[in-house]
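Asks: Dumping the structure here so I can ask a few things about it.
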Amino acid sequence: MQPTYKNKKFIDDIDFLNKTVILRVDFNVPIKNGEISSIKRIIASLKTIKKIVNNGGKLVILSHLGRIKSKEDLPKKSLRIVAEKLAEILGQEIKFIPENRGPKVENAISQLEKGEILVLENTRFQDLNNKAESKNDAELGRYWASLGDVFINDAFGTLHRAHGSNVGIATYIKESAIGYLVKEELDALSKLIFSPQRPFYAIIGGAKISDKIGIISTLLEKADKVLIGGGMAYTFKKALGYKIGLSIYEDDKLELAASLVKKYPDKLILALDAALAPEFADLEPLYNQENPLEIPDHLEGMDIGPLTIELFKDHLKDGKTILWNGTLGVAEFKNFARGTKEVAKIIANLKECYSIIGGGDSIAAIEAEGLSNSFSHISTGGGASISFIENGDLIGLGPIQEKD
C-alpha cells in the first residue's frame with residue numbers, strides 16, 4: 001500500500017523564480033520570560049526557507065503561536081520575537097508586519113524583491129474573529145491564498161487540523177506543495193506504518209488511555225508488541241483487578257482496557273511494578289517489596305519500577321523497528337524520571353534498529369540524557385504523528401496539488 005502523500009507535489013517540483021510564495025511553518029516555539037527557550041522548530045524550517053529564497057522566490061511566512069482566547073493574549077503571542085530570531089539565524093534582514101490581513105500586508109507583499117522574506121503576524125490572531133483561523137473560514141483562506149502564487153505547507157505539527165492557514169490556502173491557491181520537513185516526517189512514519197522491519201515494537205506512555213486509544217488500537221494491529229507505561233498503565237492494572245492505591249485511572253475506560261488485554265494477551269505488555277509516593281511530589285521513590293504488582297492504599301504510582309524496566313529491556317532487545325510516544329513516569333520529577341531514562345538508553349543501544357520518538361516530554365527526556373543522535377528520527381509533531389499512524393493520511397494534505 002502506497003501512502004497518499006507520495007502523489008502530492010513536493011517543493012522540488014516547483015519553480016520559485018519571481019513568484020510570491022506563501023509558506024506555512026510551525027513557529028509555535030516555547031517562550032519563557034520574553035525569550036525563546038528552544039529554536040528547534042525554527043531550525044527545522046530552514047531547509048525549506050533557504051530553498052525558496054535561493055531559488056528567487058519572494059517569501060511570505062505564516063505561522064501560529066499558542067492559542068488566542070482574548071485581546072489580552074495578543075502582546076504575548078506576537079511572532080515579532082520569532083521573526084527577529086529567524087533574522088539572527090539566517091544573517092539577513094527579515095521584514096515583519098504586526099498584522100496578517102489588510103492594506104498594509106498587501107502593500108508590503110507588493111514591494112517584496114526576490115530572495116526577501118516577510119513574516120506576517122500570528123495566524124491565530126484571526127481567531128478573535130469568530131475563530132476564523134481554527135475553523136477554516138473560507139473567506140480567510142481565500143484571502144490568504146490571494147496574496148501569493150504558490151503555497152508550501154511545511155508545518156507538520158498542524159497537518160492533522162483543518163485551519164485557514166493550511167487547508168484554506170491550499171484549497172484556493174493555484175499551485176501548492178509540501179516542504180522538506182513535512183516530507184521527512186511522513187517518510188519516517190511511513191516506514192513503520194507501511195513497511196516496518198520486524199520485530200516492530202511500540203512503547204506508549206502518558207497519563208490517559210483516552211488520549212491515545214486510537215494509536216494503541218492501531219498499533220495492536222500493526223506492531224508485534226505494544227508496551228504500556230505511564231499513568232495509563234494503572235487503568236489497565238485496575239481493570240485486571242490489581243490494587244492501584246491512589247494512582248490515577250479512568251473509570252470510564254476500565255471496560256475498554258480489559259477488552260484490549262483479552263483480545264491481545266500476547267501483544268500487550270503491561271508495566272508490572274511501580275515507583276511510589278504518598279503524594280504527587282518529587283519525593284524519594286518507595287517500592288512495595290512484599291507484593292511489587294500491587295500498590296498500597298496510601299501510595300500512588302509515579303513511574304515504572306525496576307522489574308518493569310527489566311521486562312521492557314527483555315522485550316525490546318531484538319527490536320528492528322521501535323516507536324515510542326509518551327513518558328513512562330512523571331519525568332518532570334527527577335526522582336520519577338528513571339524509567340523513561342532507562343528505556344531511552346535501552347533503545348539507544350540497540351544495533352540496526354529504526355527508532356522513532358514523539359511527544360514533547362519524551363523528546364525532552366532523551367535530550368536531557370544526550371541521546372538525541374541515537375534515535376533514527378525525532379518527530380516534531382505530537383498530534384499529527386499520532387493521527388498519521390492511526391489513519392495513514394492527514395487532513396492538511398488533502399487539498400495539496402497532485403503531481404502531474
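Glycine residues also receive a Cβ, built from the backbone N, Cα and C atoms like all the rest.
Found this in Swiss-Prot, in case it helps:
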BINDING   ASP26, PHE27, ASN28, ARG41, HIS64, LEU65, GLY66, ARG67, ARG124, ARG161  substrate binding site
BINDING   LYS212, GLY301, GLU332, GLY359, GLY360, ASP361, SER362  ATP binding site
Asks: If you skip the near sequence neighbours and keep only those at least six away, which residues in the chain come within under 8 angstroms of ASN28 (substrate binding site), Cβ to Cβ?
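Replies: Result: ARG41, SER63, HIS64, LEU65, GLY66, GLY157.
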Asks: In the structure shown, which of the binding-site residues ASP26, GLU332, ASP361 has the fewest Cβ neighbours within 10 Å?
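Replies: Each of the binding-site residues ASP26, GLU332, ASP361 was scored by Cβ atoms within 10 Å; lowest is GLU332.
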Asks: What does DSSP call GLY301 (ATP binding site) in the simple three-state scheme?
Replies: strand
Asks: Between the Cα atoms of GLY359 (ATP binding site) and ARG124 (substrate binding site), what distance do you get, rounded to the nearest Å?
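Replies: Cα-Cα distance, GLY359 (ATP binding site) to ARG124 (substrate binding site): 23 Å.
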Asks: Between GLY66, GLY301, which of the binding-site residues has its C-beta surrounded by the fewest other C-beta atoms within 10 Å?
Replies: GLY66
Asks: Whole-number Å distance between the CA of GLY360 (ATP binding site) and the CA of ARG124 (substrate binding site)?
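Replies: So the alpha carbons of GLY360 (ATP binding site) and ARG124 (substrate binding site) sit roughly 22 Å from each other.
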Asks: Cβ neighbours within 10 Å, counted over all protein chains: which one of the binding-site residues GLY359, GLY360 has the most?
Replies: GLY359
Asks: In sequence order, which same-chain residues at least six apart have a C-beta under 8 angstroms from ARG124 (substrate binding site)?
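Replies: Listed in sequence order, they are HIS64, LEU65, GLY66, ARG67, ILE68, LYS77, GLU133, SER134.
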Asks: Just name the most isolated of the binding-site residues HIS64, LYS212, SER362, going by other Cβ atoms within 10 Å of its Cβ.
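Replies: Sparsest of the binding-site residues HIS64, LYS212, SER362 by Cβ contacts within 10 Å: LYS212.
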